[in-house]
Amino acid sequence: KNASPDDLKKAYRKAAIKNHPDKGGDPEKFKELAQAYDVLSDPEKREIYDQYGEDALKEGMGGGGGDHDPFDIFQSFFGGGGFGGGGSSRGRRQRRGEDVVHPLKVSLEELYNGTSKKLSLSRNVICSKCNGKGSKSGASMRCASCQGSGMKVSIRQLGPGMIQQMQHPCNDCKGTGEMINDKDRCPLCKGEKVVQEKKVLEVHVEKGMQNGQRITFPGEADEAPDTVTGDIVFVLQQKEHPKFQRKGDDLFYKHTLSLTEALCGFQFVLTHLDGRQLLIKSNPGEVVKPDQFKAINDEGMPMYQRPFMRGKLYIQFLVDFPDSLTPDQCKVIESVLPRSASSQLTDMEIDECEETTMHDVNIEEEMRRKQHQHAQEAYDEDDEGHGGGQRVQCAQQ
């Protein structure tokens, strides 16, 4: 408890050299030494340890060393060269920067044919004037407030034997762990170590790519000192098409026929996603039923990275029936089409039946109306039940 900072440094240096994994030492012992030094060399963490014990440091913020690389602490004493100038077998680990994700809207035509899009983006890059040091001299001071960790720990007493620990970036150094003298700040980046630049990226959307597919530009995200630069990622978002619908490598297309076309034959021109004109026609004597599907091989979407292979094009046929027919039209149709057995009823069978009257109905609206009616009735019944109870209570008073 009474050891001075210099005593701690000497003791750590001696034990760390002895137990370093590159010298055949025990990795776990080396890690424990780093954790102990990290706590004892930080006045704030040491106070927490003295008052509440090791568990208080581990709980919630990993202050017992879990957030600090033992090799980083070792290299703060000996530099990055390791032993004998040969370099450490492990080296200093760099934090990886965050990826930047952008949605990219594309049409179905662009996914079918492939396309390229040039996009202008702003990003942070290491300041070229100070090489990311933030100062003219290249020097910086360790933040006294957070002891260079970039983080502060606050403790709040919740009750007897209960504490809450919170870790937050240091306000003095903005989480960097370093302080730069105002007079020594880099004139270009103002001590921020990075500057903004405009970058134009050309995004290649290949044939057959899917909705939600990611296109990655490695190492093109924001740069930061001692950080492995993250990626810029574009996520494809397919816009809705007025005529075609895509399912995997297949395309679906709806076409409405008149009743005459459905019974007597049809032909029409379908404009595909690449502008080609496809002639679609029925076979002689073929009758198309409502909601019937037909398939055309190799006219679906190109398969990703196999552009000469395609899925299927499915055409769903809808049949538009006339609203009514004249008696003469009915006679003509009956003379051509076979009558169904159910329509050939005798007069005696008809006399024994009750006549009914049918009317047009929008079934979706009808079901919504009934659902609303049932909900209203249930609400009214519940309201009456509560009301009755209140009236009885008033009578007792």
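Note that Cβ sites are derived from N, Cα and C of the backbone, with glycine treated the same way.
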Which is it, of 57-87, 367-397, that Swiss-Prot names as region 'Disordered'? 367-397
Could you tell me what the rest of the chain brings near the repeat 'CXXCXGXG motif' (186-193), counting residues at least six beyond its ends with Cβ under 8 Å? 126-130, 132-136, 180, 224-225
Any residues 6+ beyond the ends of the repeat 'CXXCXGXG motif' (170-177) with a Cβ under 8 Å from its own? 142-146, 148-152
Take every residue in the repeat 'CXXCXGXG motif' (170-177), average their pLDDT values, and give the whole-number result. 83
